Amino acid sequence: MTTISVPVGGVRKKSLLWDYLTTVDHKKIAHLYFWTGLVYFLIGGLEALLIRTQLAVPLNHVLDGKAYNEVLAMHGTTMIFFVAMPLLFALMNAVVPLQIGARDLAFPFVNALSYWLYFFGALLTHVSFLTGDVPQGGWTGYFPLAHPDYTGYGMSYYAMGLQLSGLGTLLTGINFVATIVNHRAPGMTYMRMPLFTWTTLIASILTMFAFPPLTAGLFLMIYDQLFGGAAFDPAKGGNPIIWQHLFWIFGHPEVYIVALPAFGIFSEVIPVFSRKRLFGYPAMVVATALIAFFGFMVWVHHMFTVGLGPLANGVFGVATTIIAVPTGIKIFNWIFTMWGGKVRMTSAMLWSVGFIITFVMGGVTGVMMALPPADYQYHDTYFIVAHFHYVLIGGTVFSVFAGAYYWWPKMFGKLLNETLGKIHFWLFFIGFHLTFFIQHFLGLWGMQRRIFTYLPGQGFELPNLVSTIGAYTMALGVIVFAINIVYTFVKGKPAPADPWDGRTLEWATPTPVPEYNFARLPLIRGLDPFWLEKQAGNKTVPPAEPYADIHMPNPSILPFMMSLSLFIAGLGFIFKDQYHPSFLYLALFGVAATLLVMFLRSVIDDEGRHVPRELVEQEDAKGVSA
Amino acid sequence: MSLTAEPGRLGAAAPAARAGAVEKTEAPPIELATQEGRNKLIGMWLFIAAESVLFASFFAVYLALRHSTMGGPTGKELFDLKLVFLATALLLSSSFTSVMAVLNMRRLQAGAMKAWLLATWLLGASFLALEAYEFNHYVHMGHTFTSSAFGTAFYSLVGFHGAHVTFGLLWLFALLVRNLRREVTPYIAPKVYAFSLYWHFVDLVWVFIFSVVYLMGKVA
Amino acid sequence: MAAEPMFSPSGERETKKERSLHTVAFLASIVLTILAFGAVVYAIEGGASAGFVVAFLVGLAVVQAAFQAYIWMHLKDEGHAVPQLFFYVGVYVTVVIVIGILLMSWWTVA
């Protein structure tokens, strides 16, 4: 096997841009996911503010009906696909390999490909703003609304964009499962894995099995929109209910894909800041697996009012309520972890405690809606809107903030400012409850969701105004977070390797983490390995191997090129109907370019490179941790 | 699932056997010699598991829409059993030749491996040609992608399988080009093995397509 | 490089055993395929009820798929615990999706 040695003293200096375009390092890909996700978070948040501004007073005209539908559809799509998942992938990429003692993911090249597919998928969806045909069919893309006859080609951008980023997500899921199965350090058994790794594993399994139905549905959607297909067209014998099934067979597990890693983050933060091991670790693992298992048999609860019949509704109603049991187990375990612990109310911990309160409320309304007769009352009202914002913001967004404050020092080498962090939390937390608590009642009072305005004199005025004020308060919180980030990068001091007195393996690595993560792979001797070693009087986790050359993957521009080619193909397919049939050639060019890049990847050998032992030893001596 | 803290109960390999920490007692077959090879085995299986759900979705859509012919020809009128049997025999044989290729790869017989792979390619290409002929025939009978929901669902499912065959042929072509003059090494073995897994999976899906689409279409 | 990758090429006996196993699987698949086509021809000529033939076909397809997966794709081999697990989860999700969509697209359930 050929060995390309890197000379001692480092590689040829590359520009930062080229470095990030070609990187296959999970830590840098984590940065890419994080910043891209944050940008889309701001865009999605801006859309939310537009929605709330429009609804602040009755008969408002900030947005007309069409613009409102566009902003609403893009808000939902962006927040789920281009914010929640990428931000969680950012944390997974940054942390999971470190937590299990791996040098990178199982497929670093594919990891880069996943990111660029997400990047170009999100970009493709947002190109719609330039062409004027913006998605208007909601993030659920129901037919016939998703057909060009009704909403133009906007939903084609949605379908193509999601197809691209969905492919990336699927590959990420496969990648993390393979990594966690194959790349655990010696002694890191399944039942010694930190909960964040566990939830990443199970969420990745869900991704693997939930995204294909969406892929199939999106293919059929694209066929119907751009190629004269008829799967969802009743005039040709099609059936729009099938789209609803495919979407929700994906859509419900998707909720757990973004919720389970969030649970994992809180399960890391709460023990550290309570100075106690996680209460009921095996129960937490089993509960996570159970949620995932039942998650595939509950999708019809999104379709109770379709009229699938009492038996279908009954079975899926019961299955849905069952999910409350493992979730309840988790809530109690977090509370018992804090019980009797030395609780430190850091920013990360504030988000965690705020999560428990908020998520319980969202969970309770979830059980209410799981009962089909009751759901007929709530369906398509603001009650639903309140519910899913309680679980998605209270769960996922809070977890991303908690994770950001907790892992920032490991990801970026600096500690975020705690005072600003607390201001951020309180503004966002109060603003959140102000916005969404009242929406439960708005729903019960009869306000429908997805309608761009309402009439005066129905008792909707004051609650809507309160909700809008809350939304702006949340926005203030996000601004404080942005200030905090800038402040930290400019003024922040370098963080120590283990700033929180951590328990898990990632805190045993030096900061900044070397490219190969571990100079020698660690030997894991129990759950919370770093904590165990510190308790035993050791400075760090013992190595499991002698120093040796470390095999690392080569950077590559091909993931970027492949995603770009698919992006061009996607645009071509839409433009051929939206503008001119000859854009078909552009699409075919994109497909051909994709295949060419794949061919290049196949025939050009890439055996990676080796970091020589001397360099590893030298660097290890410099950056001793703890 | 075991809840005890024992290593590797669920996994393919015990964690201790990695990174040269502990030497395994018996050496594995060549495709599993490297960490990349072991990753590829797991990764390919995960991909296949995900793909099976993708095909399941298309099967479900086809089954739900199979009667929506809108006055066009039905499956019963369209499908020609002789043609389908021939196609099945071709794909089944190509699956067999690819497993023979792996057998020879494990013996490090590069020449025999490439010969079997070439046979696989030719059989797969014949299958594809037959499918192209078949689709063309259907279009002339008025059964098109746009004619009815049945048409869309049929071509989505069977065409998606055909696209998989096409992609597999391109993949195999790249493999053969890359290895035209080379021996079997631990670098290339996992790639051949991953391809053969993919190819078997494509055949496995075809088993359900000829049973559920063609044969059942003839009966029900 | 820490060490050259270790592997052992298959021996003569092992290969012979494998080869005959694969050949048997191939022949069995052909027999199953002929049975399936034969059943349909038989049914078209009025020899068997459609419902029975459909059940028969699904049964044959499952058996043949199992041949493919366990023998040709080496799912039966040692060290395939994780692939087996995911294969079964895939089957579970597949069954849920096909039955779910089939039952709940055109008719109401009960």
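Keep in mind that glycine also has a Cβ here, set from the backbone N, Cα and C atoms.
TrEMBL annotations: computationally assigned, not manually curated.
What TrEMBL annotates here:
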type     : residues  : note
DOMAIN   : A:12-525  : domain 'Cytochrome oxidase subunit I profile'
TRANSMEM : A:32-51   : transmembrane segment
TRANSMEM : A:71-96   : transmembrane segment
TRANSMEM : A:108-129 : transmembrane segment
TRANSMEM : A:157-183 : transmembrane segment
TRANSMEM : A:278-299 : transmembrane segment
TRANSMEM : A:311-336 : transmembrane segment
TRANSMEM : A:348-371 : transmembrane segment
TRANSMEM : A:383-408 : transmembrane segment
TRANSMEM : A:420-445 : transmembrane segment
TRANSMEM : A:465-490 : transmembrane segment
TRANSMEM : A:557-576 : transmembrane segment
TRANSMEM : A:582-604 : transmembrane segment
### Stretch-level contact, the transmembrane segment (A:420-445) and the transmembrane segment (A:32-51), CB cutoff 8 A, at least 3 pairs
no
### Query
Taking the transmembrane segment (A:71-96) as reference, which of A:157-183, A:311-336, A:348-371, A:383-408 has the most Cβ pairs under 8 angstroms?
A:383-408
### Query
Do the transmembrane segment (A:383-408) and the transmembrane segment (A:582-604) share at least 3 Cβ pairs closer than 8 Å, excluding pairs fewer than 6 residues apart in sequence?
no
## Note on the structure
Averaging pLDDT over all residues of the domain 'Cytochrome oxidase subunit I profile' (A:12-525) gives 95
